[in-house]
Amino acid sequence: MAAKDVYFSSDARDKMLRGVNILANAVKVTLGPKGRNVVIEKSFGAPRSTKDGVSVAKEIELADRFENLGAQMIREVASKTNDKAGDGTTTATVLAQAIVQEGLKSVAAGMNPMDLKRGIDKAVHVVVDSIKASSKKVTTNNEIAQVGTISANGDKDVGEMIAKAMDKVGNEGVITVEEAKTAETELDVVEGMQFDRGYLSPYFITNADKMEVQLEEPLILLFEKKLSSLQPLLPVLEAVVQSGRPLVIIAEDVEGEALATLVVNKLRGGLRVAAVKAPGFGDRRKAMLEDIAILTGAQVISEDLGIKLENVSLDMLGKAKKVSITKDDTTIVDGVGEKTAIEARIGQIKKQIEDTTSDYDKEKLQERLAKLAGGVAVIRVGGSTEVEVKEKKDRVDDALNATRAAVEEGIVPGGGVALLKASKALATLVGDNDDQTAGIAIVRRALQAPIRQIAENAGVEGSIVVGKILENDSPTFGFNAQTEQYVDLIADGVIDPAKVVRTALQDAASVAGLLITTEAAIVEAPKKGGGAGGPPGGGMGGMGDMDF
């Protein structure tokens, strides 16, 4: 086992505080509408310029390992807040730095770190309740666009595009952000359920110009095994022909004689039909077939359920307004499944998302949820240069996450004002002893840090801004750093999602509490002599037992 270096109490805390300050000072310059740019060197390609706090935090690795411990703990605040709320990373970093700095001063003055932490936790609890109570629900498209615009650093087009995407696919739908091949930023919406399986034979194509199968009002047969012979299906196929409607077969595979027979019937005009492989593999395939069944009002033909192919009747087939199939994708639009059954299935998938610990499973469940709940929108971000596209994509990602959070828990005045106003709730709060009350005072002072930083980034004196806002009793009065005016922030469209503000404070206080109560820090000791250290006697470093 490698040797370790150990620092104790104030030595450990001072070293870690230096790391906290280095990282936080680099991140906090990006805060607010007049946030400055940070340029990051890349090992290959052009340097990257960004105003995204979490991107800056991820790039910082310090040479001094004790300082790096502090920096990494603050980086954890940024990434935790990003995971939970998708935005607010810079605010969380600024809050954490403020709480740590004040907290460590109090510890150095002889206060009990555990009581300070209890006071901090008590204050955070009160502030979070105050933020929740003052939040306003987001309902209109205009409000959604405002949230998106703020998070995209004032880019109105991005805000409007996100509002449009959410309007099209609903709050549960999936909205993805990709880099465009052109200079334009555009929105592409796929309504209905789409999965990544195309037609099994080009002979099924009905629209030769677009190379697509387009079937109006089709019946949909779902079979979970391979289909190699159509013999057992003849009774239901005859019934389909008599109904005069087209048929889509979705099965694990359709092969050999079965596929040939379907193609021949399609070419002769006896049966308008298309066959597609079922999406996914294994258990996920079963689940997705079940999703399609619920969406289209079908019954999955499965021997597990005791249903044989020869017993299939027309009422076991699903229905939809339209099915489009390309060589890569199948889209089912307006399935006729019962609304209550679809909602129950959505609830079930949401529960699975909450329970799963695997990121991969979560992503796949989220995709299934979107397919059931309304569709997929893709925002393709364009720009003149690669650097510009990457920077804009960061902002669009932030804006999208912030907008989702706003729809979930409502909005509060932006620009750090919600935190500043919430600090008034701490005016009469006292702890069980003086040290706890000092912890409450630490949070009260720290809540001013974000608005001070926003003002300073805009070139205005932070303490004057804080004083003016605290003098005014209106909960929505604040400083708009974009216009450098004092206004009603909600009316002016300067808003933050309540979830982002709340999460930023909770995560910042959690990590700051850990740093304040740290009594020892352990890192690996630097190796003496540095080289690659192979055993004596030739060979490459680290490969001394090989002969050459």
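Backbone N, Cα and C define each Cβ position, glycine as well.
Model, not experiment: these values are computed from the prediction.
Features as listed in Swiss-Prot:
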| type | residues | note |
| --- | --- | --- |
| BINDING | Thr30, Leu31, Gly32, Pro33, Lys51, Asp87, Gly88, Thr89, Thr90, Thr91, Gly415, Asp496 | ATP binding site |
| REGION | 527-548 | region 'Disordered' |
| COMPBIAS | 528-548 | compositional bias 'Gly residues' |
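Feature map: Swiss-Prot annotations on the structure.
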{"residue": "Thr30", "record": "ATP binding site", "Cβ neighbours (10 Å)": "24"}
{"residue": "Gly32", "record": "ATP binding site", "Cβ neighbours (10 Å)": "26"}
{"residue": "Lys51", "record": "ATP binding site", "Cβ neighbours (10 Å)": "22"}
{"residue": "Gly88", "record": "ATP binding site", "Cβ neighbours (10 Å)": "32"}
{"residue": "Thr90", "record": "ATP binding site", "Cβ neighbours (10 Å)": "29"}
{"residue": "Gly415", "record": "ATP binding site", "Cβ neighbours (10 Å)": "29"}
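Spread of the ATP binding residues is 17 Å (greatest Cα-Cα distance among Thr30, Leu31, Gly32, Pro33, Lys51, Asp87, Gly88, Thr89, Thr90, Thr91, Gly415, Asp496).
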